Amino acid sequence: MFKYVFTKVLKNRWLLIGNVLILAMMTVLQFIMPQFTQYIIDKVIPKANFQELFWTIGLMLLAAIVLGVFNYFSTYYMGVMSQNTITDLRNELYERIIRQDTHFFESSKTGDIMVRLTSDINNLQSLISPNMLSMIGSMFTFIGVYIFIFFVNWQMALAVTITLPLMFVIYRVFRTRIRQSFLKARGAQAKMSNQMQNTLTQIELIKSYTSETQESDKFAEFANENRDYTVSATWNQAVFSPLISFINYLGTAIILLLGAYFVIKKQLTVGGLVAYISYVAMLQSPIQSFTRLLNQLQQSLVSYGRIVEISQVQPTILNAPNAVPFPDFHDRISIQKASFAYPDSSKTKTTVPAIKQVSFDIPYAQTTALVGHSGSGKTTLTNLLDRLYDLDSGDILYDGVPIKKIELQSLRQHIAIVSQDVAMIDGTVRDNIRYGAPQATDDRISQVAQLADIADFIRNLPNGLETQVGERGMRLSGGQKQRIAIARALLKDSPIIILDEATAALDNESEKAIQHALDNLLEQRTSLVIAHRLSTVHNADNIIALDDGQVVETGTHQQLMAQHGYYRQLYDAQFK
Ligand SMILES: Nc1ncnc2c1ncn2[C@@H]1O[C@H](COP(=O)(O)OP(=O)(O)OP(=O)(O)O)[C@@H](O)[C@H]1O
């Protein structure tokens, strides 16, 4: 079960072996400490030998220093090992997640993936933390001390044994309750922060629909839930501590009663009794540790399961074993009887095909336009061209090479997409423009910014290319974002361009301004342009009209207008 974690731990095996050795020595030293007390009381005090007293105390202090040094090494190096292991695990999990198929992200909740990467991994971390090692160490102490006190006085050891299960049960019951209450409180905290996040991102919606009270009530509900669970945990803690103290006093009382009897009967020395009490006290912390260990194991098993669950999801969109680089493109992209239905994440209903038996060509160095009603499958087709999804049937050929035979990275490097929702990364304007070409010089960036008609805008920004955009930076308008996306695509310099409503967010003036730049961009390239505004596809070499996932018409603007069919209807609906 923990094989995966332990293979990681074994990478640091020398640290681990060193730690275990140190731990064993610490256990022995801890075991010896009460012997000094016994020796002083029984041997040194009766003889009134001060020299021996100083020597014994000196030795005891020396042992304490050695114990402290061991403790330092064990805590520090175990901490190093635990951090190495966890960092490896975290990086590996991130790497696996980022390489998953698009469908994986559409069917998982962002929050859930985040929790697996953070809290779940942290839970595993406590399994290999310095605490855990010392917990295991105290198990050794427990067994050793227990055998020893039986050996010294079995009657007293038996009396101690009566209180141990009681203590174990109390620890187990209360710790479980406390943990569960805290877990539920944490769940409520997560809901609170979700609600807070929603409020911050949807504040305009909330204000315009005057739903402040409704949202405040929701927040208060989660806050109250958090309070109730935390209060419940506090109650359990308040009862737990006095109970444990009482059991301890009970144990000490029994030992004192029996011990005094044996001392009076001369079957035990006073030093022996004092040492005995110290040994019995040493049993208490392993019981605590043991219950903690059990809880920790439970939690770690749950987290481990959740981590393994995602790490076992295999992406299906991968390089074929005999994949070839993208061909030296000069002829056409050919879509042949392509059909595709989005996978249904709930797997309860059959999925409706978004693309049905679609066939058409996108010739080299020409502009092909894709038009159709909303939901007719235009974006889906572009996702298939970039292999974000694989076709259910049919094929897409790039100069005759089937899409699945082309190396994935090479395919995507040859296609630049400017999509409807422009994604901005958290960084500067420069970072955003050169996202696909990190080596690009500022000169080159200025060139593409000029072509995308965003150069003046950037020049007037307070820090020019250095201006922060994205979540923590300044807000850009839809049109500005799109022009940055166009600059980004220009810099990528791919032979194939897909423009998905690239000009939708631009006003007429800006649209005209960048039309020239777009024309430049498209001239030497093969392009597929999706546009709702039919004025932008007038000049396309060929227009494909899609309806309900099927090609219903193809031809130039003039030809399709003359047909008085689907395209004409779309056109008239816009311009009449
Ligand atoms: N990720 C998805 N999962 C499931 N179904 C989807 C997904 N994306 C789109 N669809 C569905 O597939 C169909 C085609 O959607 P698509 O986004 O390709 O249309 P579109 O023509 O680009 O629309 P628009 O012009 O409004 O952007 C729609 O019925 C839509 O509901």
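One is the number of the first residue shown, and numbering goes on along the chain from there.
Glycine too: its Cβ is placed from the backbone N, Cα and C atoms.
TrEMBL does not curate its annotations; it predicts them automatically.
On a predicted model such as this, the values are computed, not experimentally measured, just so you know.
Taken from TrEMBL as is:
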- 12-33: transmembrane segment (TRANSMEM)
- 20-299: domain 'ABC transmembrane type-1' (DOMAIN)
- 53-73: transmembrane segment (TRANSMEM)
- 132-151: transmembrane segment (TRANSMEM)
- 157-174: transmembrane segment (TRANSMEM)
- 246-264: transmembrane segment (TRANSMEM)
- 340-573: domain 'ABC transporter' (DOMAIN)
Residues of the parent chain within Cβ reach of the transmembrane segment (132-151), under 8 Å, 6 or more residues beyond its termini: 19-20, 23-24, 26-27, 30-31, 74-75, 78, 126, 157, 160, 276, 279-280, 282-283, 285-287, 289-290, 292-293, 296
Spatial neighbours of the transmembrane segment (246-264) far in sequence, C-beta under 8 Å, 6+ residues away: 153, 155-156, 159-160, 162-163, 166-167, 170, 270, 272-273, 276-277, 280, 284
The domain 'ABC transporter' (340-573) [mean pLDDT, rounded to integer]: 84
